[in-house]
Each structure stands twice: as structure tokens, then as C-alpha cells.
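Asks: Quick one: the structure is below, questions incoming.
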């Protein structure tokens, strides 16, 4: 073989190898592009306690592995802590609101509960069970509970406090509903990916309290949809961080900011008006017009109230071409969320698959 033919042979091998490598790179780039298309990022936003974390739990139940017995057991301590936190809040409010206990022994029970360091609670001992049950049955405490908009109390307080006997049993294992009702403030960012119809939905939950919001900024890239939660029942409540600011006004201000962000010009917006069950209960004795004087609908009418609240939020949208998709929800009701998210999923897929030419 001549030198020239040897060089030509080597060169052709190099060219072949170079082509093979290029083909591999092209293939990987196509794969990466396809995978990026297959992942949709859903950003879950809303003020503190609007129901975002509960919504994520529902996604795990409906579209993920759910909660095993071992997972549920991991919530036991948190259920106990939620009960103590709730009763401590009520006991403190009894003093602040100057409400008297009907039963004399409840002064001692209140003192016993106040002295508990909630973060160290891991069990539910007999003396505390009795103290909490006796306190909860006191007409003074019930009067205080009826005035709960005047202090900070978790929405799940009544759910747990009326079921102390079940929770106090030996070998107690939290139910799925117990898990959904547990309140643990979200600090930092929680991501929950789940696979639906060969597309990964990556749901991102960020803390709703003001102090948490500065951590949101890096979540804003490549967001497919904004899912914004509003607690319908917060129309008469004040912020945890500021006791002279209305929670719903804060929610409106945040929503206005979010929908006008340049980052989100190409993201669809889905508005969940959550806690519709709590609104139905509250509207019977707390009048919307007292907090939003522009409301001119009938009193004690949950339908009129929620339609008014929906309009308040939709009217914040300055872009007439941008559709805001809205749903009334109860995040603790698995069947309601299953139904609503099926509709939401279809909306998101239709909007995005067109964009990616996948339909």
C-alpha cells in the first residue's frame, strides 16, 4: 500500500468517526429537545395558607404513589403538634378577647396547655387529652372559636379538636384526610414531579408568607402555567405578618404583580378560588360587604360572594387577550381536586401541545 493510500484510508476513518460523533451529538440534542418538550413546569403561587401544600399532597394521592402506612405514620407527631398549636392559640385569644371560661377547672387546663413546647411534642399523653377535651367543650372556648377571625387560627383546628378521642387512641395512624389537613408552613421550595400521558408535570410550591417570596425569583424561567390559589374564606381575615392588613387585599396585590410580570407573558394563568366549603360556612355570619363595601349582592349567599370575589381577581388582568382560567375548589376534597385538575390538565396540554406541534 502506498503512503498516499494509507493517509487517505486514515483520513476516511477520521471522517467516519467525526461523522459518527456529530450524528451522536445531533441525536442527543434532539433527545434533549424532545425531553424538554415533555416536561411542563407548573408554578403554584398564592399567599400564605391559601392551600398550595394541600394541593401538592392531592397530586401525590391522585397522580402519584399516595401515602403508604409508613408515610402516614410520619405525620402522627405533626397532627399532635397541630392540636396543641390550635388550642394554645385559642387559650391566648381567651385572654386577649377577655372571654371567661364557664368551667373553673379550665383555668388550670389552659395553663397546662400554654406551658407545652409544641416543637418538642411527640406523644399525646392522657392528661393533655383530657385538658384539651374539657377546654373544647367549654362554652367560653366555643365563643372564642366563633370569633376566630380576630386572631390567627389554622383552618384545621375544628377538624382535629372535635376528633381528639380518635387521635388519642393507642396505635393511632393518621388517615389520608388527617394528612391533608396537617398544617406545616412551607419554607423554601418544594417540587413535585408526576407523569401524566407521557408528559412530566413538574409542580413547584413556594412559601406564601412575605419572608419566603424573595426565594421565588429563580423559579420564573420556562414556566408553562401559573396556578394561583386564593382562599375564598379570607375576606374577613388579617395577615399573620401584619394585623391591620386584609388577607384578600394582599392576595389581590400579589395576583396583580404576578400576572403583569414580563416572565409570565407566555404562561397560562389558572386561578383556583379555594376553600369554598369554608366560605359557605362563614358567609352565614360574616358579611362580605363589611370588608368589601363595593359588594352589592345578597347577604349570606355563598354563590353571590364567590362570583364577586372571582370578578375582583379577573378584573386585575390588564391584558384583554390573556385568558384567566378559573375554578372553585376545596383542596381537602380529593374528588373535587381530581375533577378540577382533569380539566386543568386538558387546558394545559391543549395550549402547550399546539405550541410544540405535538397535536
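Cβ coordinates are placed from backbone N, Cα and C, and glycine is handled just like the others.
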Asks: If you check Swiss-Prot, which stretch out of 41-54, 55-68, 69-82 is marked region 'G1 motif'?
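Replies: The listed stretch tagged region 'G1 motif' in Swiss-Prot is 41-54.
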Asks: Kindly point out the range from 323-328, 329-334, 335-340, 341-346 that Swiss-Prot annotates with region 'G5 motif'.
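Replies: Spelled out, Swiss-Prot records region 'G5 motif' over residues 329-334, not the other listed ranges.
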Asks: Looking at 169-177, 178-186, 187-195, I want to know which stretch Swiss-Prot calls region 'G2 motif'.
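Replies: Checking Swiss-Prot against the ranges 169-177, 178-186, 187-195, the region 'G2 motif' one is 178-186.
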Asks: Across the whole of the domain 'G-alpha' (38-359), what does the mean pLDDT come to? Round it, please.
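Replies: Taking every residue in the domain 'G-alpha' (38-359) and averaging pLDDT yields 92.
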Asks: Where does residue 274 (GTP binding site) sit by DSSP, helix, strand or coil?
Replies: strand
